[in-house]
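> What Swiss-Prot records for this protein is below:
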MOD_RES   ARG5  dimethylated arginine
BINDING   GLY10, ALA11, GLY12, ALA13, SER14, GLU33, LEU41, TRP42, ASN62, THR63  FAD binding site
MOD_RES   SER54  phosphoserine
MOD_RES   TYR56  phosphotyrosine
MOD_RES   SER58  phosphoserine
BINDING   SER196, GLY197, GLY198, ASP199  NADP(+) binding site
MOD_RES   SER280  phosphoserine
MOD_RES   THR284  phosphothreonine
MOD_RES   SER401  phosphoserine
TRANSMEM  513-533  transmembrane segment
Amino acid sequence: MAGKRVAVIGAGASGLACIKCCLEEGLEPVCFERTDDIGGLWRFQESPDEGRASIYKSVIINTSKEMMCFSDYPIPDHFPNFMHNSQVLEYFRMYAKEFGLLKYIQFKTTVCSVKKRPDFSTSGQWEVLTECEGKKESAVFDGVLVCTGHHTSAHLPLESFPGIEKFKGQYLHSRDYKNPEKFTGKRVIVIGIGNSGGDLAVEISHTAKQVFLSTRRGAWIMNRVGDHGYPIDILLSSRFSQFLKKITGETIANSFLERKMNQRFDHAMFGLKPKHRALSQHPTVNDDLPNRIISGSVKIKGNVKEFTETAAIFEDGSREDDIDAVIFATGYSFSFPFLEDSVKVVKNKVSLYKKVFPPNLEKPTLAIIGLIQPLGAIMPISELQARWATLVFKGLKTLPSQSEMMTEISQVQEKMAKRYVESQRHTIQGDYIETMEEIADLVGVRPNLLSLAFTDPRLALQLLLGPCTPVHYRLQGRGKWDGARKTILTVEDRIRKPLMTRVTESSNSVTSMMTMGKFMLAIAFLAIAVVYF
């Protein structure tokens, strides 16, 4: 399929990665972006277009820079470990400029429909209808990469909150929240304790008279900052920790995580402890919530049973009067209306092989990129998905039979149903390392730790015990990057660089302790490599 045209729908993080992957494989990408700029979710707008992903002005990303970068383009070392949304967008602009991606994007262009050509069973081609400034055009493409994300359509379940129609105060979805000023001096209820709900409750509590955070189940709250000040995802995302989880089981892993989170504050005492285990729900990442709760600025409440004109009555019988505003941080739903019947979404559930390919197509020339909710960054997963999809489009990689794909999809869905609480939020979950390793295997770029243990033991040890960063998948195989080894071995330097803005007496106690721990674990490396890899 070399030299063939591929339509890329959306110019957010996934779309940019797809354009670059197409170029690397000799394909001709044409990216359609409905707005006038790149960035998708991460481009803040005070008044976003309908159907476009939207964030609030203060958003800080929940994954650290080393874990979220594109695999052959590290984020500058002076950038903070957890970046403001404007810095995330700046990084995307740098990436697009570095690899010359902008010239392949048609801005202000909406994709109206993507239909199979009459000869699709033999050609695998698609007819893509677009509209730009009132003018419609149709073009034929040999492949389609859908990168529209899953934070576009606000999920607002008003039917679950009787009386909301007579509530005299203001109510809105978190998508429409931008800053806290308009809630100054007011009594506000935030419904939902995901990442957005927690962030909004904290931010509004600095100006509001009182904030109530309503939750049906409670939540486990994870801090961005882990032991010794390292980013929490850096500490938790190693192949060794994944290995320990596999051999000890989820029960032990749950107990470990819950103990760590309860060491920071007692979730039961703060009214947050859920009935489910830590790994049965996407944890809420929030650094400030316990501080706002202990100061009384945020009060945790149960689920709202009903609203009156001015009050909220909760399921435990308690009541809060004189409520001025209600913010529904109740998540999002996703759909692909332009695909018609090619990809069906029912209750936020979709059947995709490896969360990428529809299993029912005669030709594998359509892929959904970035439709996953990992405990970790989406960007590197999207990039690996794009690398795999372009190889499939070219015929260099093949998919199993339809029946085999459907069997695996069913098995994955059953596994997810057993692990996670039933929620619209938990239909596209995926473990970060497991997903990355699985797709890397399919692409042929998963590092061979056993081989490296003999040829480059220092690197092998870092790959096993250090954070599983996206750069690991540029060490070998197709798309190998010469700077990968050095970037992997200097990850700690880039973590420390933005923090060390004041000269102090050097203290190597933490580093020495971490190094000693690595050497202690190194003696078990060969045995683990033989068993696990």
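Think of each number as a place in line: the chain as shown, counted from 1.
Note: Cβ is positioned from N, Cα and C throughout, glycine not excepted.
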> Can you tell which of the binding-site residues GLY10, ASN62, GLY197, GLY198, ASP199 lies nearest to SER401 (phosphoserine) in space, using Cα positions?
GLY10
> Report the same-chain neighbours of the residue listed as 'phosphothreonine': residues 6+ apart in sequence with Cβ closer than 8 Å to its Cβ, ordered by sequence.
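Once residues fewer than 6 apart are set aside, the residue listed as 'phosphothreonine' is near ILE193, GLY194, ASN195, GLY197, GLY198, ALA219, TRP220, ILE221, MET222.
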> What does the structure give for the C-alpha distance between LEU41 (FAD binding site) and SER196 (NADP(+) binding site)? Integer Å is fine.
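With the alpha carbons as reference points, the distance is 13 Å.
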> Of all the recorded positions here, SER14, SER54, SER401, which one's CB has the most other CB atoms within 10 A?
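In terms of Cβ crowding, the pick is SER14.
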> Hey, of GLY10, GLY12, SER14, ASN62, SER196, which of those binding-site residues are within 10 Å of TYR56 (phosphotyrosine), Cα to Cα?
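So the list is SER196.
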> Nearest of the recorded positions to ASP199 (NADP(+) binding site) by CA-CA distance, picking from ARG5, GLY10, SER54, ASN62, SER280?
ASN62
> Please determine which of the recorded positions listed here (SER58, ASN62) has the lowest count of neighbouring CB atoms within 10 Å.
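So among SER58, ASN62, the recorded positions given, the one with the fewest Cβ atoms within 10 Å is SER58.
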> List the same-chain residues at least 6 positions away in sequence whose Cβ sits under 8 Å from the Cβ of GLY12 (FAD binding site), in sequence order, or say none.
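Sequence-distant Cβ neighbours: ILE38, GLY39, GLY40, LEU41, TRP42, ALA53, CYS147, GLY149, GLY370.
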> Provide the three-state secondary structure of GLY12 (FAD binding site) computed with DSSP.
coil
> Between the Cα atoms of ASN62 (FAD binding site) and SER196 (NADP(+) binding site), what distance do you get, rounded to the nearest Å?
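Distance between the two Cα atoms comes out at 11 Å.
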